[in-house]
Each structure stands twice: as C-alpha cells, then as structure tokens.
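Colleague: Please find one structure pasted underneath; my questions will follow.
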Ligand SMILES: NC(=O)C1=CN([C@@H]2O[C@H](COP(=O)(O)OP(=O)(O)OC[C@H]3O[C@@H](n4cnc5c(N)ncnc54)[C@H](O)[C@@H]3O)[C@@H](O)[C@H]2O)C=CC1
Ligand SMILES: N[C@@H](CC=O)C(=O)O
Ligand code: NA
C-alpha cells in the first residue's frame, strides 16, 4: 500500500493518557516524525469527551469535533487514530466508518481488535486502506511487527507472554513488599497503566485480548476472543509468592498460545530459569518459539503514555511511508476462521497446589492418598512453621497430569475435614524452547 501525498492529514479520537501523548509528540517532534515517514504528518482534527482540559498542547489550527464518529466524514482526513477504547460503541462505529470512507486507521484498542479484528481487516482490505494496531499488544514492544514481519518465516510452536503491565506491576510489588492487592492497583491506575474498567486488567481480560491477537497472527486465523481460557490474579496471596520461590518458581499472569490448543491466559508459576520469570514491574515480554529460529524474547514497557504513544506513532509512520502491513499479515482469503478452530486441551500440565489444612498428624497421608487416587504424582512439597491444631498452608508441585484429574482431586481434597479453605491451584508453564 503506497501513500502518495506529501502531507498525511491525521485525526485523533480520544485524548486521554495515550491520545494526548500522541498529539503532543506529533506537534513537538513533527519534523523528526515526518522525516521518518517521508510525508508531513499534520494533526488536523481531534475529538474527546471534554473540550476544555489542558492536555499540554495547543489546539491552534486543529479542528475540534464533538462526536468522534464525525471524524470519518472530514474529507481532508487521511488517517484516523482511534484512542477511545472499548470493543463496541463509538470506537467501533468510528473505525468502521473511517475504513469505509477510505481512511487509514491506527488504533491501540485491543478489545476492539480481539472482538472485531476479522471484520475490520476485511473492511480495510476492501477499501485498500491500512488498519494497524501495534500499540494494542504489549504497549511499546513491537510485538505485532516482530511476529507478523520479523519472524514471518517461522512455524510457531508457542507464543507466550506477560501481556498486562498492570498485573505484572501488581504481582511484582506484592511479591517484593507484601503490600495488599487493592493498594497496588490504585498506584497502577495513577500511573496511567490500568484500563478504564480495572477488572479488565486484574481478571485477565485485557491480556486475553492481546493473546487473541497474537494467536491470530501466529497461526493464521481471524481473532476469536471467546476461545481463550481466562483467569486473573485476584486469588494470589502473599504466601503463594513465598512458597513458589521456595519451590523454584515465580508467579506471573502469562498467556500461552500453541497450535491446536486452547489459548490460555492464567496466573501461573514460571521456573526461575525462564526468561519470562525475570520480567518485573510494568514491563511486558513476549517469548516466540518458532522453527527455524528457536526462541526469541522481546521485553519492554507494556503500558503508559510514552510506551504506547511510541507504538502508535510507529504505525502512523508506516502508513505515511506506504509500508503498513496487512493487519494479520495475510490477505483475508488466506486467513482461516478463528471461530471454527477445533482446539484441544493439549498435553498434560504440572500444577502448583496450596491447601489450608489443620496442622495435625495424618493430614499429609490423607492429602497424598487423594492425589494418588487421581493418579497425580507430587514433585515437591513444603510446609513452613508449626501451628498445632490451627491451620497451616501446605504447598506442593505435581508432575504433569490432565487438568480434569487435577479438578477432580481438588474437589475431593476440598471435602476432607482437615482442609479448611478452597484449595488454590496454578499451572506451571515450562521455560522457553532452548536453542
Ligand atoms: N494507557 C495505556 O497504557 C494503554 C492503553 N491502550 C489502549 O489505548 C486506548 C486509550 O487508552 P487510554 O488513553 O489509557 O484511555 P483514557 O481513558 O485515558 O482516554 C480515553 C479518551 O477517550 C475519550 N472518550 C471516551 N469516550 C469518548 C467518546 N464517546 N467520544 C470521544 N472521546 C471519547 C476520553 O475523553 C479520553 O480522552 C484504549 O483502547 C486502551 O486499551 C493500549 C495500550 C496501553
Ligand atoms: N491496561 C493495560 C494497558 C496496556 O495495554 C496494561 O496494564 O497492560
Ligand atoms: Na506493541
């Protein structure tokens, strides 16, 4: 796709954390950014909920539009940057209208792409315009480009990632300082990492949106969010971090996509030796395992104004330079329908289990008997301290077993009189492919 005019007229919808940063950069660093794309990048129109906020840039010469959907009707606009958010509503209406009107669209909206990416990519293809969303996955990390362009020659056996900055920030701080989940979440919100709806972050939904997009590109199908198995970070407690460390692991919210297997976004244990286990704070990381390359790891800031703005502007420059790729790397006719994929549960998995039990003789025998009855073999087991006749935590890791066997064992364990709270379990994600 080539862009032949020497000026690219841009409209921004949404002037929050990301939109304001993109506008500021476009204005303050206009010469450098325009030179990178080979066309003058001209911000000509904007829309947001409130006109009067001070966003750190001058509105002189920029048209204000009350209804963001009207940006698609401005003839002069060549490219719309959608930074409102939300899978439906104004963001989707605007994106559809802009593509249909022959305007390029750059968006950071993973929810919209995860739910409607296939239909939107079709619309972009029909109208011969670009639809790009680098900022939607892992913020500032060029995760989409890496998968879709740099590693395009590979056959992927796994794409795994830490894809939510808010969760990684919360888990890292809880592990380091023992602070409570809710207090750390408030800080992530102040820092501009969190979604408007915080449950999207902490319940794994935002990260699952991103995993949906990565899986679609890696395995050549349209995005299908409904296929992803999702659990968040709410159930992790301080004691799990300590036990995990003692057993040789760290706890992270990790997304895993593998061919023919249900994509999973789950709070997991990662071996201390794994590259992903070392990624802390708001950093995100994606580990791509492919043939013939082996394993590649990308690490970088996954959220925040600067990181996300950087990715949005990279897409804008690609459009200006006429090198924007097809949204999912292939023409629509070459993508299979993600909703028709027949994914299985894949191979057996090792698990971490934590039980809250009465500290008295015979408890361990009862627990191991139930595991044995379900053909689950224990790899390691730890219990710290003593609390005769009071409750203690008993943590263990298992060898690989079917998820169904684990579920049945957990339900039998819950029924034991010595088990005093619902068992906590997390899968163990193996390290990246070696070599
Ligand atoms: N904040 C971050 O670190 C990252 C955000 N994203 C995505 O970027 C997008 C924007 O996120 P943020 O800037 O953080 O959100 P935000 O909540 O700070 O900003 C949203 C903006 O949209 C405007 N808006 C809301 N409804 C509107 C409507 N009906 N018409 C016009 N404007 C409307 C608001 O006034 C506000 O200016 C979202 O899709 C988000 O998921 C992606 C990666 C990282
Ligand atoms: N809320 C998201 C923002 C970026 O996508 C996160 O915390 O990663
Ligand atoms: Na990115």
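Using N, Cα and C of the backbone, Cβ positions are placed for all residues, glycine too.
Feature list, courtesy of TrEMBL:
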{"type": "ACT_SITE", "residues": "210", "note": "active site, proton donor"}
{"type": "BINDING", "residues": "13, 14, 15, 16, 17, 18, 19, 20", "note": "NADP(+) binding site"}
{"type": "BINDING", "residues": "110", "note": "NADPH binding site"}
{"type": "BINDING", "residues": "195", "note": "L-homoserine binding site"}
{"type": "DOMAIN", "residues": "352-427", "note": "domain 'ACT'"}
Colleague: To the nearest Å, how far is the Cα of residue 14 (NADP(+) binding site) from the Cα of residue 210 (active site, proton donor)?
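Modeller: Here the two Cα atoms lie 20 Å apart.
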Colleague: What is the pLDDT of the domain 'ACT' (352-427) when averaged and given as a whole number?
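Modeller: Average per-residue pLDDT within the domain 'ACT' (352-427): 92.
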Colleague: Helix, strand or coil for residue 14 (NADP(+) binding site)? Use DSSP.
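Modeller: Coil, per DSSP.
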Colleague: Using CB under 6 Å from any atom of ligand 2, narrow the binding-site residues 14, 18, 19, 195 to the ones that qualify.
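Modeller: With ligand 2 as the reference and 6 Å as the Cβ limit, the list reads 195.
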Colleague: Check each residue in the chain of the residue listed as 'L-homoserine binding site' that is at least six apart in sequence and keep those whose C-beta is under 8 Å from its C-beta; list them in sequence order.
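Modeller: Expected: 85, 166, 201, 206.
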Colleague: Rounded to a whole angstrom, what is the C-alpha distance between residue 18 (NADP(+) binding site) and the residue listed as 'NADPH binding site'?
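Modeller: So the Cα of the residue listed as 'NADPH binding site' lies 14 Å away from that of residue 18 (NADP(+) binding site).
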Colleague: Would you list the DSSP helix, strand and coil counts for the residues of the domain 'ACT' (352-427)?
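Modeller: DSSP classes over the domain 'ACT' (352-427) add up to 23 helix, 29 strand, 24 coil.
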Colleague: Between residue 19 (NADP(+) binding site) and the residue listed as 'NADPH binding site', what C-alpha distance do you get in Å?
Modeller: 15
Colleague: How many Å lie between the Cα of residue 16 (NADP(+) binding site) and the Cα of residue 210 (active site, proton donor)?
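Modeller: Rounded to a whole number, the Cα-Cα distance is 20 Å.
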Colleague: Taking 14, 16 as the binding-site residues to compare, which has the smallest set of other Cβ atoms within 10 Å?
Modeller: 16
Colleague: Indicate the candidate from 13, 15, 17, 18 with the smallest number of other Cβ atoms within 10 Å of its Cβ, considering only these binding-site residues.
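Modeller: Comparing Cβ neighbours within 10 Å for the binding-site residues 13, 15, 17, 18, 17 has the fewest.
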Colleague: Would you mind reading off the Cα separation of residue 20 (NADP(+) binding site) from the residue listed as 'active site, proton donor', to the nearest angstrom?
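Modeller: Between the Cα atoms of residue 20 (NADP(+) binding site) and the residue listed as 'active site, proton donor', the distance comes to 23 Å.
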